Amino acid sequence: MRIGVLTGGGDCPGLNAVIRAVVRKGVTAYGHEFVGFRDGWKGPLEGLTMPLGIQQVRGILPRGGTILGSSRTNLFKIENGVERVKENLAGLGVDALIAIGGEDTLGVATKLSDLGVNVVGVPKTIDNDLNGTDYTFGFDTAVNIAMEAIDRLHTTAESHHRTLIVEVMGRHAGWIALHAGLAGGANVILLPEREFDVDQVAAYVEKRFQHEYAPIVVVAEGAQPLEGQMVLQNQQLDSFGHVRLGGIGQWLAEQLEAKTGKEARTVVLGHIQRGGTPTAFDRVLSTRFGLQAIDAVNEGDFGKMVALRGTDIVRIPLIEGTGELKTVPLERYTEAEVFFGS
Ligand code: F6P
């Protein structure tokens, strides 16, 4: 078989480990051939390819990013997008596609599969907000990076008797904030799933100072205060209408300074959480996802996505991984609240 591989959406540590596992097993165990599509769905759309064999995947296991490049191209928003992809796949003699991506990329894969294209999906996102899988690779790496940052910020916050606010990624789901906050011993954690009361946050911060320690507040980029506490200014939104990184963290620092009379600083971790080498957990998960994906293609089991259920890697219908996002349940948040302000 001739198999196309692509990576779409925001990059994520572990993408290269998936590609390597797919190609290594595909060539050595099954004798398949591969075509690398560049920059997500833009690759098959515009016929942008690169060679993809044993040679190209050598040494890439620990490398962050993706050797194939990525983009947020959505075929269904482009005129004749699907027809062009189908033509290009036929012209290149590609029998099946492995699409590695998040909600958007897998959403496109689902629709293509319904239109008769042979696709298998591999879920990825540092946000861990994809349904159908217990964890996505990249999440553990992002959490570890944020945790290390929080560990370092405790000592500088304490030395200067300041509040330190760490803004982490997570526009719609607060998994990174919750896990990094718990792992790093944060004193307040704020998630997009639950609007926060800025006066309550200030009270937690003051309580922490009363215990003669400096507070660390972890805030997800998508967290919002109660209605009426903040009116978003236009300049805080990017051209897609998303809150700009640094928006909520900076706003919170100003509010907390005014309400507590103590200095506050904000650190926006941003894309540091997405770059660089994956943790051991993410390398193993991505490798196992890759192995399962190539098995699915080899068996002609299309329209599926691989997923982690407990400790098993399983295949589920692509549709189950897309659609609604997996957000942090309330009980996971209230469990963490016992640490707030103490
Ligand atoms: O979905 C992954 C993610 O890193 C989000 O956490 C973040 O909101 C977004 O992508 C940022 O995307 P970009 O910088 O690629 O536009």
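Here the Cβ of each residue, glycine as well, is placed from N, Cα and C on the backbone.
Note that TrEMBL annotation is computational and uncurated.
What TrEMBL annotates here:
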ACT_SITE  ASP127  active site, proton acceptor
BINDING   GLY10  diphosphate binding site
BINDING   GLU103  Mg(2+) binding site
BINDING   THR125, ILE126, ASP127, ARG162, MET169, GLY170, ARG171, GLU221, ARG265, HIS271, ILE272, GLN273, ARG274  substrate binding site
DOMAIN    2-297  domain 'Phosphofructokinase'
SITE      ASP104  site 'Important for catalytic activity and substrate specificity'
SITE      LYS124  site 'Important for catalytic activity'
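On the structure: features taken from TrEMBL.
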residue: GLY10; record: diphosphate binding site; Cβ neighbours (10 Å): 18
residue: GLU103; record: Mg(2+) binding site; Cβ neighbours (10 Å): 20
residue: ASP104; record: site 'Important for catalytic activity and substrate specificity'; Cβ neighbours (10 Å): 18
residue: LYS124; record: site 'Important for catalytic activity'; Cβ neighbours (10 Å): 33
residue: THR125; record: substrate binding site; Cβ neighbours (10 Å): 26
residue: ASP127; record: active site, proton acceptor; Cβ neighbours (10 Å): 27
residue: ARG171; record: substrate binding site; Cβ neighbours (10 Å): 16
residue: ARG265; record: substrate binding site; Cβ neighbours (10 Å): 17
residue: ILE272; record: substrate binding site; Cβ neighbours (10 Å): 14
residue: ARG274; record: substrate binding site; Cβ neighbours (10 Å): 20
- Message: Given the recorded positions GLY10, THR125, ASP127, ARG265, ILE272, return the subset with CB under 6 A from an atom of ligand 1, ordered by sequence, or none if empty.
- Response: GLY10, THR125, ASP127
- Task: Rounded to the nearest Å, what's the C-alpha distance separating the residue listed as 'diphosphate binding site' and ILE272 (substrate binding site)? Just drop the number here, would you?
- Result: 13
- Task: Between any two of THR125, ILE126, ASP127, ARG162, MET169, GLY170, ARG171, GLU221, ARG265, HIS271, ILE272, GLN273, ARG274, the residues recorded as binding substrate, what is the biggest Cα to Cα distance in Å?
- Result: 33
- Query: Between the recorded positions GLU103, ASP104, ILE272, ARG274, which lies closest to LYS124 (site 'Important for catalytic activity'), Cα to Cα?
  - Reply: GLU103
- Item | Spatial neighbour of ARG171 (substrate binding site) that is closest, considering only the recorded positions GLU103, ASP104, ASP127 and their CA atoms | ASP127
- Message: With DSSP assignments reduced to helix, strand and coil, which class does THR125 (substrate binding site) get?
- Response: coil
- Note on the structure: One should report the C-alpha separation between the residue listed as 'active site, proton acceptor' and GLU103 (Mg(2+) binding site), rounded to whole angstrom, as 11
- Message: Show me the subset of THR125, MET169, ARG265, ILE272, ARG274 whose Cα is within 10 Å of GLU103 (Mg(2+) binding site); these are the binding-site residues I mean.
- Response: THR125
- DSSP-derived structure type at ARG265 (substrate binding site), helix or strand or else coil: strand
